[in-house]
Amino acid sequence: MIIRSPEPEVKIVVDRDPIKTSFEQWAKPGHFSRTIAKGPDTTTWIWNLHADAHDFDSHTSDLEEISRKVFSAHFGQLSIIFLWLSGMYFHGARFSNYEAWLSDPTHIGPSAQVVWPIVGQEILNGDVGGGFRGIQITSGFFQIWRASGITSELQLYCTAIGALIFASLMLFAGWFHYHKAAPKLAWFQDVESMLNHHLAGLLGLGSLSWAGHQIHVSLPINKFLDAGVDPKEIPLPHEFIWNRDLLAQLYPSFNEGATPFFTLNWSKYADFLTFRGGLDPITGGLWLSDTAHHHLAIAILFLIAGHMYKTNWAIGHSLKDILEAHKGPFTGQGHKGLYEIFITSWHAQLSLNLAMLGSLTIIVAHHMYSMPPYPYLATDYGTQLSLFTHHMWIGGFLIVGAAAHAAIFIVRDYDPTTRYNDLLDRVLRHRDAIISHLNWVCIFLGFHSFGLYIHNDTMSALGRPQDMFSDTAIQLQPIFAQWVQNTHALAPSLTAPGATTSTSLSWGGAELVAVGGKVAMFPIPLGTADFLVHHIHAFTIHVTVLILLKGVLFARSSRLIPDKANLGFRFPCDGPGRGGTCQVSAWDHVFLGLFWMYNAISVVIFHFSWKMQSDVWGTISDQGIVTHITGGNFAQSSITINGWLRDFLWAQASQVIQSYGSSLSAYGLFFLGAHFVWAFSLMFLFSGRGYWQELIESIVWAHNKLKVAPATQPRALSIIQGRAVGVTHYLLGGIATTWAFFLARIIANIFASHFGQLAIIFLWTSGNLFHVAWQGNFVSWIQDPLHIRPIAHAIWDPHFGQPAVEAFTRGGATGPVNIAYSGLYQWWYTIGLRSNEDLYIGALFLLLLSAISLVAGWFHLQPKWKPSLSWFKNAESRLNHHLSGLFGVSSLAWTGHLVHVAIPGSRGEYVRWSNFLDIPPHPQGLGPLLTGQWNLYAQNPDSSSHLFNTSQGAELQF
């Protein structure tokens, strides 16, 4: 008889009613800290209150209590997410043009916010098409809703209410699992069970339910929408779910039900579970039948994976065994001990998860444009740019967060006495070698990557384009990246013969996809310009890693400060005793790492924005000719720093800096305001605490004199607080500036802005005419232009002393003046202007033209008179009108003015509307024109009678 111990059973229990529900602590700010709970003595109290409110480690050392607080806070976070989602859906239901957009997504822009007409702010409501005026949104929600099968605003209302209900449930769950049934520590540490449930339940069943929704609701509804059926005529979602015959009319395999599934004849389902690859030519997005197939396959994989780890039974893997089996020949104990670290330090676990999620978010950013998952997302360039930028920023912040929590783990949770010769211990012992080598890599990358640009700028300045690194001179082709691109492009015929096309058109080798005359996706060429900027990416990423990794590896100690572990995660300088100890805490490394993360992500999103506008995004003519937004200028302009400044930052800022008076004006104000916020941050970053404390003491003295001093003593921000405020404003200002710059550029209506530009030019020229007529000496100057200096304007300054008055009284003037060097006097004299009255009339005429141009810009934005895309594409007609109308007729009119007004004026004859018929420009009038004797017009019968006798040469006298 064999006697064996019974199978171990995991008994997870909870504590019932561990903490009484009470609101008393809400009335005690800082209840989690004895010091803070005493109340404020100085203004530092408010900063400490916010700094430590969520630092659960500082409230208690009980890991179970900390775990319960984190778990409960997660439900609160989920509640906020559901509430935010509900708000988005409510906006779509109440304020949007979703139903209109659904009927014509290629010509109507998405809008879900209408500004109320208060003090003129309704100007922000731009015309998005379809007779709707509102703020154009770039979140991608409209595209998600269409892919989900939402066809009415009522459905959006219902979803918003559902999200509110879930938000309430999450709040209740957070309260319940902290106050009524709080899990024990063993439950939080049972990672195998947790992984099984997350894999099978959250990811497996979640993907399966979404696949079911896509198959039974999204696919049939989108099939109707693609066919042009009115959304109001499409059956409601529940009809497709309950009525199998309705689905079978679209997908015949539904007639057979689940029989093919159980008989393993799965190919029968190929009419709605496809494996096409590429993009749907109707919507420009991935085939929805492909994504339904993907979610179904992923669900099966995760459901299987959910049975992978050992829990109550003997089968399955143990994570502890897996980790401890990882021992290489050069890694000592290997991963031994990592399991205990991850189940006792939530900072270590959070660090790993943040690093993974941050990296995944950046991968998502790149997939969103190269494989656009939703209908009509690819041709909404503002949304494409916003989604890429958003996911890149989020990824960057998450990765910096990973370093922050890794450093907190090292300071608070790492015990070097129990770790010997495992992977973590060996990395810490090799930290000097790691950091010094990484430092060398950063220096090498920095000098060489930036040096290539400096070389190009220098050669450009010296006029030696043949010596520059470019596709047309010295080529630095990214041959490895091109090989990767080519391999993927050829995959359907080589490595993946079952696929019909490559994973993305961006690899190349396929025709472009265009929707509604706009490019959805295009093969992305790589050349010397990409080689250069990718090495800048490598440089900024490596420097970010250097700073963050140094912060982690030196978090507990260094040769300079061996007792860092006692000082904690954040601490200020400790004076000049060791020759300077500022910015050595782990917190300071996170602070510095944020700046370099900002540098790295900024270059990435600038690169993406310019590259896509230059080489991908654009329009396609009926003849198949693609016109990119910036005409392919990336390859030749982005190879110099000056090119980035001139052709990207400055050239593409024209929309945001000229947005005043238009529906984009808010972006112009954000652009200015965000610049201010960014500049404001420098005040915190450049000046020290002592400076502000001295200033505050002076202000306190003044308050005491007036007997209005508060009981709470003012204190300057600490060094750490100042840096925190500084970096927050720096990042917020920089990100908001980029946001306004990007969206004003990509949303702007360029055609209408041309009329606005003309209005500005006419207004500026009118101002010059008026200025000289009022304050200049034009009439005096034309009497003797050889000896009288032209005056730009008089100087009226009551603070001028006699020496200043004498210094600025020049050019024949009787008072202080500025001399004009613009050449306007000479130009006006050449075209026949002779009096201040002529200047005033010219100024009024140009003001009228300015007003007409503004009206024309507004007029051509109205739905009835807005030109269609085909009008802009009709290049031949536009060339004909520009050549004959703009150049031909205007040159003829200007010639008439010169012949009838300017030339007689040069002889001293004043020709205006009242007498221009009485003074012919030539004695024989039109006779030579009509008789063909045109050569007579080439003779000047009175060449010696020029005003001032200057036709034969003038004798200059000074």
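Cβ from N, Cα, C; glycine included.
TrEMBL labels come from automatic prediction, so no person has curated them.
What TrEMBL says about this one:
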| type | residues | note |
| --- | --- | --- |
| TRANSMEM | 70-90 | transmembrane segment |
| TRANSMEM | 154-176 | transmembrane segment |
| TRANSMEM | 350-370 | transmembrane segment |
| TRANSMEM | 390-412 | transmembrane segment |
| TRANSMEM | 433-454 | transmembrane segment |
| TRANSMEM | 531-549 | transmembrane segment |
| TRANSMEM | 590-610 | transmembrane segment |
| TRANSMEM | 664-686 | transmembrane segment |
| TRANSMEM | 730-748 | transmembrane segment |
| TRANSMEM | 754-774 | transmembrane segment |
| TRANSMEM | 839-861 | transmembrane segment |
| TRANSMEM | 881-903 | transmembrane segment |
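If you look at the transmembrane segment (730-748) against the transmembrane segment (664-686), you find at least three C-beta pairs under 8 angstroms, all six or more positions apart, and that counts as contact. Take the transmembrane segment (839-861) and the stretches 350-370, 531-549, 664-686, 754-774, 881-903: counting Cβ pairs under 8 Å, 754-774 has the most. Only residues 6 or more beyond the boundaries of the transmembrane segment (664-686), in the same chain, are considered here, and those with a CB under 8 A from a CB of the stretch are 123-124, 126, 655-658, 717, 722-723, 725-730, 732-737, 739-741, 743-744, 747-748. Tertiary proximity for the transmembrane segment (754-774) is limited to same-chain residues at least six positions away from its ends with a CB under 8 Å from its CB atoms, namely 658, 661-662, 792-793, 820, 822, 824-825, 828, 836, 839-840, 842-844, 846-847, 849-851, 853-854, 856-857, 860. Through the fold, the transmembrane segment (350-370) approaches residues 342, 377-378, 384, 387-388, 390-392, 394-399, 401-406, 409, 504-506, 521, 608, 612 of its own chain, all at least 6 residues removed from its boundaries and within a Cβ separation under 8 Å.
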